[in-house]
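Annotated in TrEMBL:
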- 72-395: domain 'PDEase' (DOMAIN)
- His148: active site, proton donor (ACT_SITE)
- His148, Asn149, Ala150, Val151, His152, Asp189, Asp298, Gln349: AMP binding site (BINDING)
- His152, His188, Asp189, Asp298: Zn(2+) 1 binding site (BINDING)
- Asp189: Zn(2+) 2 binding site (BINDING)
- 256-286: coiled coil (COILED)
- 392-407: compositional bias 'Polar residues' (COMPBIAS)
- 392-428: region 'Disordered' (REGION)
- 415-428: compositional bias 'Acidic residues' (COMPBIAS)
Amino acid sequence: MLGDVRIRGQTGVPAERRGSYPFIDFRLLNNTAHSGEIGTKKKVKRLLSFQRYFHASRLLRGAIPPTPLHFLDEDYLGQARHMLSKVGTWDFDIFLFDRLTNGNSLVTLLCHLFNTHGLIHHFQLDMVTLHKFLVMVQEDYHSQNPYHNAVHAADVTQAMHCFLMEPKLSSFLTPLDIMLGLLSAAAHDVDHPGVNQPFLIKTNHYLCSLYQNESVLENHHWRSTIGMLRESRLLAHLPKEMTQDIEQQLGSLIKATDINRQNEFLTHLRDQLNNQNLRLEDAEDRHFMLQIALKCADICNPCRIWELSKQWSERVCEEFYRQGHLEQKFEMEISPLCNQQKDSIPSIQIGFMTHIAEPLFKEWSHFTENSPLAENMLSNLTRNLVNWKSLQHTQPSSGGDSHSNKINEQTDQGTENEEQTTNEGDTP
């Protein structure tokens, strides 16, 4: 069944080949819009993913790219190294870091963090193989996406690093916990197409059939990550049982970012905290808090300083609007928050921050016992909310209250229409 988009390794967990989830080619959509199909999976794979797959694969074969991966002068390298010395600070500017690393923020950051946390030594990882794997991950993000790209993945990874260092959590974490946290953050949106799940369903994308319309994007990110781990053989030297466990835990972490499960996780976290049932000595409870940490990292943009938060907000809304323009062009119903004429950036941000971000980060602060970082994040969120409300008042009315209600209602119902807005890193 759909054997050409999945490979099965020795561990038995299905994994997708790299490039199996290509860019959405709207020439195909245009040709088949009235038939309700976007083309066969073989057509999609052949027409859309060959060049990207070939380019990424030749890196593994040892072919030298036309431009070296880290072709930087000493001044830029020195500034990047200086920034890495402050990678645990919440005001870390990932946009500047990406420029200083010549667009290789994710690879550079992960190599540094794996070394800083002692993971290379602990798991006896080959540095060259690790670098190749990280290049694969970085290459499988689409730079054409305004939001869902490798810079977002690097930003989420940096946030995850900060959360892993929280005193309430860090003293209980094992090296495996830390590696899982960093890997899941780096790969949580890999190969994202820049459109949400409802769009894929409307266009009959073959991945919707593969995953039966259930957490399509999250499942794809996970299975793609497994495929890259196996292709790179990064963990091939570890015991089979251990690699099986790593693959399953990565899936559990990445799938936790599904907006369908937002209330499930939030309710469980509140219950655990209110009843004082969390026992971080237990692997199960630690894993749950890693899931919460990843969810927080994924939607932490409203908690950054205004200068950074505003950039992320504009990027994700641009991605929303691009989808809306495509839906309008092909005479489909425009998805919620994707209508540039009706959905203003301030109104989207206010609804998201009020109904999605704030409740989660208040519980995270509760968990950390109001740590300095948690208080800083909530302070930033409050200031940013005030700023967006101020900007909303200076713009013509576009139904901001209705958009806020839309986010709230759809979150309560656990629908995937807001998948763009939260779990897939579509953090308004």
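Each residue, glycine too, has its Cβ placed from N, Cα and C.
Features recorded in TrEMBL, as mapped to the structure shown.
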residue: Asn149; record: AMP binding site; Cβ contacts under 8 Å, 6 or more apart: Tyr141, His142, Ser143
residue: Ala150; record: AMP binding site; Cβ contacts under 8 Å, 6 or more apart: Gly103, Ser105, Leu106, Gln138, Tyr141, Ser143
residue: Val151; record: AMP binding site; Cβ contacts under 8 Å, 6 or more apart: Ile94, Phe95, Asp98, Ser105, Leu106
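In terms of C-alpha distance, the listed binding-site residues His188, Asp189, Asp298, Gln349 place Asp189 closest to the residue listed as 'active site, proton donor'. Asp298 (AMP binding site) and His188 (Zn(2+) 1 binding site) have their C-alpha atoms 9 Å apart, to the nearest angstrom. Around His148 (active site, proton donor), taking its Cβ as the centre, 26 other Cβ atoms fall within 10 Å, counting all chains. In this structure the alpha carbons, written CA, of His152 (AMP binding site) and His188 (Zn(2+) 1 binding site) are 10 Å apart.
Calculated from their C-alpha atoms, the gap between Gln349 (AMP binding site) and His188 (Zn(2+) 1 binding site) amounts to 22 Å. Each of the binding-site residues Asp189, Asp298 was scored by the number of other CB atoms within 10 A of its CB, and the lowest score belongs to Asp298.
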